Amino acid sequence: MFCFLLSTLPQVYEAYRNGKVEEAMSFGFLLFLFSGDLSSLIGCILTSQLPIQIVTVVFYIFTDLMLISQFLYYKIKNNSSKKRPMLKWLCFLWCGASTVALLILPKFITDNNTSANTESASNSVEISGYACGYVASIFYLSSRFPQLYKNFKRQSTEGTSYMLFALAMMGNGTYGLSVIVVLPALAGSKQTFILKHLAWLIGSLGVLLLDFFVTAQFIIYRKNRSAKTSKKMNVPEVEPLLCEEEELSTF
């Protein structure tokens, strides 16, 4: 949970420092990430997951809003020559609507959950929660593909912070490991425990696997960038010498 809480902050700083986040980050990556966190929040509340898990998802949603707001802000700022007032208003409306929905949704879900007195109603609510968990896993897995394609298209990872993916890998790896390690000490049904956490395990371990491909892109494109810079440094200064020879010949 500590890794999850810190994972998006390096990217927020990198976007602020670079100022060209719209060139580096894929908007599809951010949109899928936000959709996955929102679905995960609904699923966590409906299935009564651990409170620390709910708090982490809420924090993640706020950081997602920060990343999306940065993306839209720098897109507007860097394209200031093209006047797009509608895009600016859409940015404000997006942040406002998302914040309001984030504040209202948990209370709405909790009220519906407590008002469901019958066993069949509570079962249907729990099934809906697990369905949201699987939807969140699909969003999480889908989020990496737009960023992988963006990096491949640019042949670069400049403008993105590797700590975003490294901390996410550590968080997903330790979360999956914690579920596996606790199995021998369980007194109840191990199969029921796995099924209860299966949706979030699929999302965590699947994203962990895809983040290895992102790591490979960081390594490959960093080598390409260092090779290009070394070539530029090793280029001999031919033009000034030729100019000097021509000046001497004229004398």
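Every residue, even glycine, has its Cβ placed from backbone N, Cα and C.
The feature transmembrane segment is assigned by TrEMBL to 27-48, 54-74, 86-109, 121-141, 162-186, 198-221.
Tallying C-beta pairs under 8 angstroms between the transmembrane segment (54-74) and each of 27-48, 121-141, 162-186, 198-221 places 27-48 first.
Counted as Cβ pairs under 8 Å, contacts with the transmembrane segment (121-141) are highest for 27-48 among 27-48, 162-186, 198-221. Within its own chain, the transmembrane segment (162-186) has Cβ neighbours under 8 Å at 1-4, 6-8, 10-11, 193-194, 197, 200-201, 204-205, 207-208, 211-212, 214-215, 218, counting only residues six or more beyond its boundaries. Remote same-chain partners of the transmembrane segment (198-221), defined as residues 6 or more beyond its termini with a Cβ less than 8 Å from a stretch Cβ, comprise 36, 40, 43, 49, 130, 133-134, 136-137, 140-141, 143-145, 147-148, 151-152, 155-157, 162, 165-166, 168-169, 171-173, 175-176, 179.
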